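Q: According to TrEMBL, the protein has these features:
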- 4-167: domain 'Glycosyltransferase 2-like' (DOMAIN)
- 232-256: transmembrane segment (TRANSMEM)
- 262-286: transmembrane segment (TRANSMEM)
Amino acid sequence: MRLSIVVPCYNEEAVLQLFDAKIRETLDELPIEYEVCYVDDGSRDGTLNLLRTLAKDNPETTRYVSFSRNFGKEAGMLAGLQEATGDAVVLMDADLQHPPALIPRMLELYQHGHDQVIARRSRDGDKFVRTLFSKLYYRLINRAVDVELTDGVGDFRLLSRQAVDALLSLQEYNRFSKGLFSWIGFDTVTFDYQNASREAGETKWRFSSLLNYAIDGLISFNNRPLRLGIHVGLLLSALAFAYAAVITVLAIVNGITAPGYVTLLVAIVGLGGLQMAMIGLVGEYIGRIYYETKRRPHFLVKERAGDRLDRR
Ligand code: UDP
Ligand code: MG
């Protein structure tokens, strides 16, 4: 059999060489053919140069594509999956947070007939705040969307050819892989591993990008958040009517006494905020339609290397 390793890299010059050495060390031990597909996601450091060198050193087992600019990890993974020729594909980060030593285990499970073999990490060593937010988020999102998302389950996984082709058949512009993996289904198995911290370089996630990612996840799958908006709206108007009734009765009994400007202010500001959030939500869905209708490619390739003759 033939295994493809797909590695999106963005500014990973600090760790890439080490990664390449480690992954080969693992793969050379296994009785399989393999290829490592790197995707340079428009890095601004020496990543591309390193990839050129790596491809020169091991031309049979290395291929890479390099994007014209940074298109994001989702695009990187998509490009890698398109590039991969193997019977199975393992998606990995370049920073060695996904231990290559787990690959034999994944292969074994794959050979037992599983189409998706997921390695789930613990959150040891993560910042407390990030862990907290993640926990809250997953609790919330699993109510909101109809695919199952699990904390600690990331992109580190093995996919069978069938699963890869299924993923590639999903051509939406806004890709939220975590959800897509879950959406395609197939025979899935999960095992746990101890979280490792980044070997070198630094994380590309800022708080704002995590927040955006979270919002993406929430609205990538269905329109339940819109439905929720309707529910909240109805609930609030019901409360308002009830309150109006109480006030009316009080006014009849006591006569008009209190000026009640605080109530007014709270109602105006509260409802105004809620309405803005809901309009934003609707806009977000419309924005997605806008992007989908443009039908732009997910990424642009400026350079590539590797043997493409054996492509399926
Ligand atoms: N990555 C990418 N494009 C981006 C951001 C990240 O290809 O725009 C890659 C990055 O090089 C790494 C992986 O995605 O291989 C995970 O990134 P990172 O380690 O920064 O994320 P974290 O592990 O902190 O979630
Ligand atoms: Mg990382």
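In case you wondered, yes, glycine gets a Cβ from its N, Cα and C as well.
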Q: Over the domain 'Glycosyltransferase 2-like' (4-167), what is the model's average pLDDT?
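A: The answer is 88, the mean pLDDT of the model over that range.
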Q: What parts of the chain pack near the transmembrane segment (232-256), using Cβ distances under 8 Å and only residues at least 6 beyond its ends?
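A: The answer is 267, 271, 274, 278.
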